[in-house]
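Look at TrEMBL and you will find 5-261 tagged as domain 'Peptidase S8/S53'. Annotated active site, charge relay system per TrEMBL: ASP14, HIS45, SER210, in sequence order. TrEMBL lists 282-411 with the feature domain 'MBTPS1 third'. According to TrEMBL, the feature domain 'MBTPS1 fourth' maps to 412-674. Here TrEMBL flags 781-801 as transmembrane segment.
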Amino acid sequence: MGITGSGIKVAVFDTGLSKGHPHFKRVEERSDWTHEKSLEDGLGHGTFVAGVIASSKECLGLAPDAQLHIFRVFTNSQVSYTSWFLDAFNYAILKKINVLNLSIGGPDFMDHPFVDKVWELTANRVIMVSAIGNDGPLYGTLNNPADQMDVIGVGGINFDDQIAKFSSRGMTTWELPQGYGRLKPDIVTYGSTVRGSSIKGGCRTLSGTSVASPVVAGAVALLASGVIHRGNAINPASMKQALMASARRLPGINMFEQGHGKLDLLNAYHILNSYTPQASLSPSYIDLGECQYMWPYCTQPLYYGAIPTIVNVTVLNGLGVSGRIIEKPLWFPYIPQNGHYLEVSITYSSVLWPWSGWLGVSLSAAAIGADYTGTAQGHIELIIESPSDDGDFTPKRSNVKLPIRANIIPTPPKQKRLLWDQFHNLRYPPGYFPRDNLRMKADPLDWNADHIHTNFKDMYQHLRAAGYYVEVLGVPYTCFDASQYGTLMIVDPEEEFFPEEIAKLKRDVDAGLSVAVFADWYNVTVMKKVKFFDENTRQWWMPDTGGANIPALNDLLSSWGIALGDTVYDGDYTIGKQTVTYASGTHIAKFPFKGIVLSAKLTDQGAEMLGGKSHRDEVPVLGLLQTQDKKSSGRIVVYGDSNCIDNSHLQRDCFWLLDAVLDYTATAHIPSTFLQHQFKLRNEVRMLPQRMEGNHLYRYSKVLENHLEDTGKRMIRVLPQCPHIIWSQPNPLNKSAPTNLYKSQKLLSIKLEAELPPFSNENNMWLPTVEYMDNNNLESLPLAGFIILALVILFMLYRYFILRTRPRRKRGNRIGRIMSILKVPTV
């Protein structure tokens, strides 16, 4: 094709590049934004990344003729600051960079100056490609800025087309606890043992999503060079649309691992070359029964009375950098496919900027489908509008459809319905919430969201396999009907509790709701021990609570005479034939005498951390309580550690213990092995754990008042009103739905197999805007096509009537005429 990346400015934000490196022929500029005042790459990472993009010798890059702009934003000690990035980003905008690769990232999606500057970059037509992170196979480990809607987030695969173990998984966690995360990564490509340039020449191999990202960045530079004649039709949204629409889906892998699939460069080129500006959706359809791709949605059907299932859809707007969804999106249930059994609620961003927005779709089974078993289908329709940028005052519009299919079952019995408390989980960012396992010093932050589809994924899969139905509560306890559920699960909570929540939970338990608590460590002295100095903010970071907020939990459990202590314990113990790992857990300090308490011999980890002598004690770790004499009342189970059901630092799972706990909360059955490990608790506690003096939990809490002055007094917010879902008015359609929602959702273009345009190496800049049609109806043929078709028909009619008026001659043999067509003239 002759397409080599010519005319495209590619910025590499990394560790720099050595002067005169033999692999690169178009290094336009090198700049240093660190305090080291050096342009050289002392680590080799930046050289490797630049080589994957644009090496012209040996280990060839994808776009060897691209113009490289090297931004050194990391020191040789791998130190960087947000301020360095902000300055460098501003310069990239000034230099009119076309493609920017960031093989870096971090968990802080609330670094607002950084996030805002990335938005500004993409708003200035910079196509940003970023690595999704190397924290896999754990879920909920996406890195910023790859998790932003306007950025192309790249995951890694190996050469067997399997997701690389290190590649971070979705979902995004910005939207928790009230909402649900977005689909990320966007696409995947090779990130294992990829060849690239060494510091002084020659080749080497590296692995990581920081390797996969420049593969896509190089591909984007190549694509942009090949369709440079399209001008402003190529932008961050259209490039992302083409990559996602052309990606090849990998079988047996879910969307939060692979995004839209594996990079397909040639197919992306065909789509871009014939691209019609339009809006599109990610995911492009919702099928709650399609496993494995639509995991976790496909693992649990809808049923009447459940908390609605939320799908967070990203809207990509290829029409322009800004836009809006005009009017209200409409819901069209298909009558033949029982669409009227579905209730749909739609929320959406008021403004699409830059190049993107969101569409929140809440799905629930309707009351008329309470006893229905089967599927229900329909679609949502919306119109995106953007202002014209070619001097025409007529806005550009794009109609988009979102097909929906869901499985519905009758409502399960309450004993099988579990409610997961998400509302009382807090994490980094924005505050310093420490790790739950204190031995994991390399990972000091609790940042995986503590959601059943992130770091509690395996626990969720186990519960579903055991026949339980798990719903997520993202609002206070005052907002759910406890009579519909068997057990409320409170796992690793860092948040405070409203007084109204404490009172309501007492009433709910009296009426039959059971509660299972899995706590974590808490000790003020240990909290002070794990403080650290943050180089970026130049401040000491002090935890505002422990692994769990034990003082708040004690307030919640005080109605039943239950309390947890502040000694930190660690070690392995045995119940029956099962070995349990207790990783930085707390212990039971108070428990009613009529309850059952189990103990384990564990090490005082807190004393060990504080320099004291290590010793092992017989420690009460598990308590089971029938709250009232009548079995119709609820039961409470308290366990001092959550690490054995948490994937974050899982050493040995205790799902069998979770099964026993839930069996007890549902049926009051106590395993015989539990009875063999009973412990007589004296309840001689003089002082329970106290909140750390001067803590700043109020800054991040949804319960505490955020006051300017540190008065030392906790101020409780006014209890928020419970959200009320407004269901969309159905517009029933008497039509059949497509059977394959995936294959019908292709990105629409003029034609898929476009001819390759003539390429010239003289193309060294983005061309002026090319004119394109106002996209009112993407499914209609271009006007020019109608005109040509009409002219052809008129010509054929003319020939037909002319021939009818001529005298007829004897026709030759049909086969002879065909053979004469196939004859090749001789010279």
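Glycine residues also receive a Cβ, built from the backbone N, Cα and C atoms like all the rest.
Automated prediction, rather than curation, is the source of TrEMBL annotations.
Computed from a predicted structure; not experimentally measured.
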TODO: For HIS45 (active site, charge relay system), name the DSSP secondary structure in the helix/strand/coil scheme.
DONE: helix
TODO: Taking the Cβ of HIS45 (active site, charge relay system) as the centre, count every other Cβ atom within 10 Å, in any protein chain shown.
DONE: 22
- [ ] Check the domain 'MBTPS1 third' (282-411) for me and report the mean pLDDT.
- [x] 97
Task: Helix-strand-coil residue split for the domain 'MBTPS1 third' (282-411), DSSP-based - done: 9 helix, 69 strand, 52 coil
